[in-house]
Ligand code: ASP
């Protein structure tokens, strides 16, 4: 017999069917037993007598007949509440031990270490299942939307060279070239610009980014996902309009219970917004108690550089007076290029930040496409000759016909978190790392074996505390 999904039971009254799934709950009424069976499509009540021993969360198969429930027994809270399955045969496929955490609550009350250790159970909770499903739908919508508009999806390397976005790199030792290391990309920034030199004109990727920085509620430790995109022959206005239409349509299609406070999104200059709100990512919701309100905004006209002290961390050098506000590939405003020589702090950058309910959900810019200007920015941020050498490929690429280009990279985890009103990005990710940096379930990082270290030519010395 073919399997029926729970959601289809309602249309099969009086038919014999086969269901497969998990035991969501058991209610033993002496002679008769009620079992709520859950599969990916929903929950349905099953009822039978003299059933084999079964525990909550076991995997079972049930054959039985769909019966209409009498009027007063209809359960309005359940999509299948008008029917129940009369069990003819119940087969236990895999018994479950008692779960180490409840999954019939929203889960916020449970310690995160426990939730992440048993994430595969934690995801059975309806809230987590919903978050992952909604995320998948959003990703699919984005893909289709961009592909319809001539974008090409390209995967870029994970084992690569440093691509600084202002955080520390994760390093991976090379076995074939002893003593050398790959860096995991903090973003695909350089590759996407190289793809513009390559003539793709419109690129996107739902890309993983790796940054070794301290975790916060709105930032997962280690890795996160961005919708990374880049376009050629565009001005900042084109990027703003494209991203704005994409996210408005995404919200209207996939999150139709949400409403956007203001359309078109307000545009705020960095100076004005910092003066008025004391932050460059203001929460512009009209009613902060309304969980369905989405207040998008653009912050523009950032200064190209921020001044930094010796203590600030930047690209490992920590010595330069200026750090890029965004990253070192962001173009100066064309009217301000001469100020690069006279007064760099006054130079405006063609950076744009996408703000949602007080979170920065995306950032991007028009890029430098002139090797001379790029050199100047390298100098201003205090790059040594060696550091410049690390980015020589960009300057070289720019000597072979580079179109003006720019892009943006909205964070997927952060967007889903904000739209769903979740308290942390980890609620929008299947297997995030704990705040302490241990990965869910498998508890990485872990020690390497002596053999592995030897093969890589690595000796571990314990750091003095
Ligand atoms: N690579 C940038 C980031 O990760 C985004 C961009 O400039 O497009 O923030």
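Using the three backbone atoms N, Cα and C, a Cβ is placed for every residue, glycine included.
Note: TrEMBL annotation is automatic and uncurated.
What you see is a predicted model, and the numbers here were worked out from it, not measured in a lab.
Taken from TrEMBL, the feature site 'Important for tRNA non-discrimination' applies to 29, 71. Annotation comment: TrEMBL describes 132-432 as domain 'Aminoacyl-transfer RNA synthetases class-II family profile'. The L-aspartate binding site annotation in TrEMBL covers 165, 211, 326, 367. As annotated by TrEMBL, region 'Aspartate' applies to 189-192. Look at TrEMBL and you will find 211, 212, 213, 360, 411, 412, 413, 414 tagged as ATP binding site.
Structural mapping of features recorded in TrEMBL.
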residue: 29; record: site 'Important for tRNA non-discrimination'; DSSP (3 states): strand
residue: 71; record: site 'Important for tRNA non-discrimination'; DSSP (3 states): helix
residue: 211; record: L-aspartate binding site; DSSP (3 states): strand
residue: 326; record: L-aspartate binding site; DSSP (3 states): coil
residue: 367; record: L-aspartate binding site; DSSP (3 states): strand
residue: 411; record: ATP binding site; DSSP (3 states): strand
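If you take every residue in the domain 'Aminoacyl-transfer RNA synthetases class-II family profile' (132-432) and average the pLDDT, you get 93. Maximum intra-site Cα distance, ATP binding residues 211, 212, 213, 360, 411, 412, 413, 414: 19 Å. On a Cα basis, residue 212 (ATP binding site) lies 11 Å away from residue 165 (L-aspartate binding site). Summary: among the recorded positions (29, 211, 326, 414), the fewest other C-beta atoms within 10 A of the C-beta are counted at 29. Ligand 1 lies within reach of none of the binding-site residues 211, 413, 414, judged by a C-beta closer than 6 angstroms to any of its atoms. Residue 326 (L-aspartate binding site) and residue 212 (ATP binding site) are 17 Å apart (CA-CA, integer value). Comparing C-alpha positions, residue 29 (site 'Important for tRNA non-discrimination') sits nearest to 412 among the binding-site residues 326, 367, 412. In this structure, the recorded positions 71, 411 were compared by how many other Cβ atoms lie within 10 Å of their Cβ, and the smallest count belongs to 71.
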